[in-house]
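Enquirer: Below you will find the structure I want to go over with you.
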Amino acid sequence: FASVQRTLRLFFRVEACSCAPVHPQQAFCNADVVIRAKVVGEKEVDSGNDIYGNPIKRIRYEVKQIKMFKGPSQDIEAVFTAPVSAVCGVTLDASGKKEYLISGKAESAGSMHITLCDYIQPWDSLSTTQKKSLSQRYQMGCDCKIVRCPSLPCEISAPEECLWTDLMIEKQVYGRQANHYACVKRADGSCSWYRGVAPPKKDFLDAEDP
């Protein structure tokens with residue numbers, strides 16, 4: 001258990017910014033906006049004042065949206081984040097050479113805000129299943145609840161839950177379930193892990209738990 005705690009601190013504690021681990025599907029469902037994009041520019045901008053009258057700085061990334069998986073009808077052109085990691089600011093490569101999957105909260109028209117707690121990954125690091133799931137499968141499971149296994153043994157407490165065991169079994173946050181599975185709702189209202197690049201077939205969705 002101590003090694004798991006160390007892993008959590010390593011992955012999710014950056015100075016004063018601390019985030020609980022989330023499965024990529026959870027991150028998709030929680031986000032207002034999910035896009036594939038290149039970052040083509042970066043500058044520090046003023047974003048109002050704090051309660052003491054001091055200017056609030058943010059980083060504005062100019063992005064070229066390649067595909068929107070979730071969000072408004074208008075393309076995202078700007079991504080804002082805090083200036084340092086201590087307050088959950090995200091550092092992205094602004095050379096325009098790297099594509100990212102970016103999830104976050106919607107702001108004014110054509111913009112969004114991101115933090116280290118959002119799911120942001122280089123596009124090339126995603127598995128084939130993850131890329132395919134962004135288009136439909138994750139959305140199919142947004143009524144499901146992915147429950148992280150805190151210690152072994154563990155079990156679900158409701159039929160709409162899927163048990164996420166990567167951290168306990170593989171000692172890593174993004175293991176087999178995160179990279180290759182989606183938690184999908186079936187016809188009887190229960191949820192179950194589904195693996196595969198193709199969309200779930202009708203016999204899977206119609207299956208009932210014994």
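Including glycine, each Cβ sits where the backbone N, Cα and C put it.
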Enquirer: C17, C19, C149, C154: which one closes the disulfide with C88 in TrEMBL?
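Expert: Answer per the record: C17.
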Enquirer: Name the residue from C29, C117 that TrEMBL records as disulfide-bonded to C19.
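Expert: Checking TrEMBL: disulfide partner of C19 resolves to C117.
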Enquirer: Checking your reading of the structure: which of the disulfide-bonded residues C29, C144, C191 lie inside a 10 Å Cα sphere centred on C162 (disulfide bond)?
Expert: C144, C191
Enquirer: Please name which of the recorded positions listed here, C17, C29, C149, C191, is nearest in space to C117 (disulfide bond), Cα against Cα.
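Expert: The smallest Cα gap between C117 (disulfide bond) and any of the recorded positions is with C17.
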Enquirer: Tell me the Cβ neighbour count for C191 (disulfide bond), meaning other Cβ atoms within 10 Å of its Cβ, over all protein chains shown.
Expert: 24
